[in-house]
Amino acid sequence: MKLALALSLIASVAAAPTATLANGDTITGLNAIINEAFLGIPFAEPPVGNLRFKDPVPYRGSLNGQSFTAYGPSCMQQNPEGTYEENLPKVALDLVMQSKVFQAVLPNSEDCLTINVVRPPGTKAGANLPVMLWIFGGGFEIGSPTIFPPAQMVSKSVLMGKPIIHVAVNYRLASFGFLAGPDIKAEGSSNAGLKDQRLGMQWVADNIAGFGGDPSKVTIFGESAGSMSVLCHLLWNGGDNTYKGKPLFRAGIMQSGAMVPSDPVDGTYGTQIYDTLVASTGCSSASNKLACLRGLSTQALLDATNDTPGFLSYTSLRLSYLPRPDGANITDDMYKLVRDGKYASVPVIIGDQNDEGFLFGLSSLNTTTEADAEAYLRKSFIHATDADITALKAAYPSDVTQGSPFDTGILNALTPQLKRINAVLGDLTFTLSRRYFLNHYTGGPKYSFLSKQLSGLPILGTFHANDIVWQHFLLGSGSVIYNNAFIAFATDLDPNTAGLSVQWPKSTSSSQAGDNLMQISALGLYTGKDNFRTAGYNALFADPSHFFV
């Protein structure tokens, strides 16, 4: 009798989990003991052939009886080896190419639009758990849901007594997902990668109840390009986040990234990149250049894509491929939309790492003199006026004690200009654009954070993307914020229900008195004021459009 009972329990534990989709299809997942995972579920038709570059089409096939126990392929990646320039040290390139990030995204394919659902063990339909939908980062050029599995977050949610379901959506990257130019705009195919994400959200709205999730309690969150994507979805259709009459999400978390400082989809630089692709693929003489690009093999298009600048090329964050205003879904420049209140009104968390710019400044190591620095700024920001450059240089002087990594004095200055360039890039794209968003956003409760957890780390400081390592693998004060507080926010719309060691204050305008910023250090959590580098803020955001790319 005891043996039979034991065998029955073992069989129960080992039984593959199931879920029933909205159309009645029943699918099987993976019992990973600490969680149950449904991996690589297609949510869109393969975006190949005539569907390349176009809006995603909802998946039409039957999934009934199929098993989803392994991640689907990553979307096509812009090869970093093709985007680096000679001034980046080869040792750095080798380290990046051998890193977990770039190894994890292989294999890849154009047929990549899948979604992953991970839930606590034993979760059934009707559990109505909050849902956290993850959008990965990677400069809109690289990345995959496979890089950072959500096991730690899901397990922590159970231990906290606030169980959540974690969903991760794949989306097209680089030229495959963010091609720009007049032809793309005329066809209505702009920002395909964002539309992939949006369709993934709609899939969640339709199907997550069958996994035990509550479609009315979805929090979207992401890091870097994923964080900027979250902001794009706040601005989508002028702030309309409804689907079938109900909100697609009720809250957003942004880790390193807010408004994308980008020109329109038919602007100068996006068109230049499009023309470069067309020319390098032999499509210049075609009567329909987009049709010609669609007729290329995957490898031919990828090779041409790899010949365009990437996020670690000389001008770095002047990205070749990124979300752009299109007059349709992103109806205007993102800074203006935020100023005008054209956003979904939901509670938000937004924050940064103290030294966001180092990773992107690394490719400017040959910028060593004052003249070099000015040339770099003018090449990076083609709309900047002489007055803009003068103000920027004054706000970010060549004094290495004022550069990034911040608060390190004369240390970490690999070149006389590197810490200066790091500071400009980090503040424009991440740290101070966060403040701009907070100063203008009135759509709901807002919380902000700044991490200085690695301030003693030589050269790097508290570098961009270190948070996702704490979030997925490590313990410490960073993990408390990126897991416990985020889980509490997704569950209760208040990070303080996580029982933090200090109360996380709501964010206010930087001009107001009082602490309004959660700060993360190696020793723990504390609060502070979001009022640093005001000269830099004024130089960068007197007219943000002067620094669009």
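Cβ from N, Cα, C; glycine included.
The feature signal peptide is assigned by Swiss-Prot to 1-15.
Using a 10 Å radius centred on the Cβ of Cys112 (disulfide bond) and all shown protein chains, the other Cβ atoms total 26. In this structure, Cys112 (disulfide bond) belongs to neither helix nor strand by DSSP; it is coil. Among the features that Swiss-Prot reports, disulfide bond is placed at Cys75-Cys112 (among others), with the record citing similarity to another entry.
As annotated by Swiss-Prot, active site, acyl-ester intermediate applies to Ser224, with the evidence given as sequence analysis. Applying an 8 A CB threshold to same-chain residues 6+ apart, the list for Ser224 (active site, acyl-ester intermediate) reads Gly137, Gly138, Gly139, Gln255, Ser256, Gly257, His464, Ala465.
Swiss-Prot lists Cys283-Cys292 (among others) with the feature disulfide bond, giving similarity to another entry as the kind of evidence. Annotation note: Cys292 (disulfide bond) sits in a helical segment as assigned by DSSP. For Cys292 (disulfide bond), the number of other Cβ atoms no farther than 10 Å from its own Cβ, over all displayed protein chains, is 16.
Look at Swiss-Prot and you will find Asn329 (among others) tagged as N-linked glycosylation site, backed by sequence analysis. Asn329 (N-linked glycosylation site) falls within neither a helix nor a strand when secondary structure is assigned with DSSP, and so counts as coil. A simple way to gauge crowding: the CB of Asn329 (N-linked glycosylation site) has 21 other CB atoms within 10 angstroms, across all the protein chains here.
Here the Cβ of Glu356 (active site, charge relay system) has 29 other Cβ atoms within 10 Å, regardless of which shown protein chain they belong to. Look at Swiss-Prot and you will find Glu356 (among others) tagged as active site, charge relay system, backed by similarity to another entry.
Annotation comment: Swiss-Prot describes Asn366 (among others) as N-linked glycosylation site, evidence class sequence analysis.
In the three-state DSSP reading, His464 (active site, charge relay system) counts as coil. Taken from Swiss-Prot, the feature active site, charge relay system covers His464 (among others).
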- Message: Here's one to test understanding: among the recorded positions Cys75, Asn329, Asn366, whose C-alpha is closest in space to the C-alpha of Glu356 (active site, charge relay system)?
- Response: Asn366
- From the Cα of Cys292 (disulfide bond) across to the Cα of Cys75 (disulfide bond), what is the distance in angstrom? 21
- Just jot down the residues in the same chain as Cys283 (disulfide bond), at least 6 apart in sequence, with C-beta under 8 A of its C-beta; none if empty. Leu277, Lys289, Cys292, Leu293, Leu296
- Taking just the CA atoms, what is the gap between Asn366 (N-linked glycosylation site) and Cys112 (disulfide bond) in Å? 38
- State which of the following recorded positions has the fewest other Cβ atoms within 10 Å around its Cβ: Cys75, Asn366, His464. Asn366
